[in-house]
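Participant: My questions all concern the structure below.
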């Protein structure tokens, strides 16, 4: 079928022999590992709120503060258009995309846990610098250290969760990363709502509290095990089996362990995993998981709304406190949507959530553009009814994103790649994600200024395009063991042409 490319259970190797129980050890390890999402989420939520606070603007960006409060004829869309201000936000993501390649080597040779711990330390130092900043340079250096922490965390955490999780609940477990991200955003917005009233140092408290999730992540990470996949890959075979038995709650792990050892043996034959990413047999995963999905996740426009929700709401006429309160509403929508996705994604699959939510997101963006085109601009404030309707539209958009591109944008790439290139692939995933995150963060306010409501029509068109891509080219991965995902591409209507051609060429060469 055009959209699916499903494989039947007979093509898989030993999946039917896998056994597991849900153990307290597994739950503890995954919750601590998932705290990497809290770092990412807290920063997403706090940075947009801080950049809308007058005390922060007066100290570091006085010209933006003056423009914000000036009664000029300048279009309302352009009040926050300042490249140095947006650099404060996007510098973190530029740092993250560079650091993820260093994280790849650490993750591969020292383990997923090592990268998680290193990321928490860097994030902690960056938060301290930001909270004590005296000038813009200090702010930017702090943001770079935060970015390094996020680069290491985002590289390792999705892999950690996917490898620890039993195949039948891998979707729900991996989405703990998105859940903690959303909770981080929600907590950050609640913190901003409170600190906005603490003059003139409230913004420092907002930025400084980023040390809290970093501290929990470091202390908890010290007590978490390394993943069985990583231990086997490092040659610590007996230790890997012991951890696998402990997290599965049974000694009957022969089938799964044999698959891990076989995958590790293949991984050790690979001298250059980044080069192997480009091989024809890995091309479907590379195109879908390393390029398309992480780029598409940012091009939905959701993170732009999360970055700048307080700014957007102030721009369209909400007061400062009301704007932060509206941001809390969108954060609650993210948390609720992620819980829905966690509960249902392993039942209904990844594709269904991508496609259904894509339709809803497109309609919300079109409606938002129409409201802004008719009701807003050139000094005219939105009516109360239009403002409430706009908040509802953004709420529905965020709900749709929160059960689709938000969690699945990390889940699907983390489960597509074979062990021998998994760490390298995840680095490319994070790099592409951060490139587009940084670009969108850097240019969103500029685009809002010049395209006005047209920016939301652009996002609607992009969401339509990516939904079509998912329909035709992404096979369903629900409940398929992570080491056997490659069979899906061998049976997909389109990708099998590419994969089987390489397999045939290898067979001829061997003969």
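In case you wondered, yes, glycine gets a Cβ from its N, Cα and C as well.
Heads up, TrEMBL stuff is auto-annotated, nobody curated it.
Checked TrEMBL, it gives:
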- 29-478: domain 'Major facilitator superfamily (MFS) profile' (DOMAIN)
- 22-42: transmembrane segment (TRANSMEM)
- 84-103: transmembrane segment (TRANSMEM)
- 115-133: transmembrane segment (TRANSMEM)
- 139-161: transmembrane segment (TRANSMEM)
- 173-191: transmembrane segment (TRANSMEM)
- 203-224: transmembrane segment (TRANSMEM)
- 322-345: transmembrane segment (TRANSMEM)
- 351-374: transmembrane segment (TRANSMEM)
- 386-404: transmembrane segment (TRANSMEM)
- 424-446: transmembrane segment (TRANSMEM)
- 453-474: transmembrane segment (TRANSMEM)
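Are these features on the surface or tucked inside, and what are their neighbours?
Facilitator: Non-local neighbours of the transmembrane segment (22-42) in the same chain are 112, 116, 119-120, 123, 146, 149-150, 153-154, 156-157, 160-161, 164-165, 169, 173, 176-188, 209-210, 213-214, 216-217, 220-221, 223-225, 246-249; each lies 6+ residues outside the stretch with a CB under 8 Å from one of its CB atoms.
Long-range contacts of the transmembrane segment (84-103) within its own chain (CB-CB distance under 8 A, at least 6 residues past either end) are made by residues 43, 47-48, 51, 60-61, 64, 115, 118-119, 136, 139-140, 143-148, 150-152, 154-156, 307, 426-427, 430-435, 437-439, 441-446.
When Cβ-Cβ distances below 8 Å are used as the criterion, the transmembrane segment (115-133) is approached by residues 33, 36, 39, 60, 103, 106-107, 139, 141-153, 155-157, 160, 204-205, 207-211, 214-215, 217-218, 221-222, 224 of the same chain, each at least six residues removed from its ends.
Proximity of distant same-chain residues to the transmembrane segment (139-161), defined by a Cβ-Cβ separation under 8 Å and at least 6 residues beyond the stretch ends, is recorded for 30, 33-34, 36-37, 39-40, 43, 60, 87-89, 91-100, 102-104, 106-107, 112-116, 118-130, 133, 173-174, 176-177, 207, 210, 214, 217, 227, 410-411, 413-414, 422-423, 426-427, 429-430, 433-434.
Residues 28-29, 31-33, 35-36, 38-39, 42-43, 46, 49-50, 53, 55-56, 113, 116-117, 119-121, 123-124, 126-128, 130-133, 142, 146, 149, 153, 184, 188, 191-192, 195 of the same chain lie 6 or more positions beyond the ends of the transmembrane segment (203-224) yet place their CB under 8 Å from a CB of it.
Listed as Cβ neighbours of the transmembrane segment (351-374) (distance under 8 Å, sequence separation of 6 or more from its ends, same chain) are residues 3-4, 300-301, 316, 341, 344-345, 382, 386, 389-390, 393-394, 396-397, 400-401, 403-405, 408, 452-454, 456-457, 459-460, 463-464, 466-467, 470-471, 474, 476.
Within the chain, the transmembrane segment (424-446) has long-range Cβ neighbours (under 8 A, six or more residues past its boundaries) at 80-83, 85-87, 89-90, 93-94, 96-97, 100-101, 103-104, 107-108, 147, 151, 154-156, 158-159, 273-274, 276-277, 285-286, 289-291, 293-295, 297-299, 301, 303-304, 307-308, 311, 409, 413-414, 416-417, 455.
Within the chain carrying the transmembrane segment (453-474), a Cβ under 8 angstroms from the stretch's Cβ atoms is held by residues 2-3, 284, 287-288, 292, 296, 299-301, 350-351, 354-355, 358-359, 361-362, 365-366, 368-370, 372-373, 376-377, 405, 412, 444, 447, 494-495, all 6 or more beyond its ends.
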Participant: With Cβ-Cβ distances below 8 Å as the criterion, list the same-chain residues six or more beyond the ends of the transmembrane segment (173-191) that contact it, or say none.
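Facilitator: Contacts with the transmembrane segment (173-191): 30-31, 33-46, 49, 157-158, 161-162, 164-166, 205-206, 209, 213, 306, 309, 324, 327-328, 331-332, 334-335, 337-339, 341-342, 345, 402, 406-407, 410-411, 414-415.
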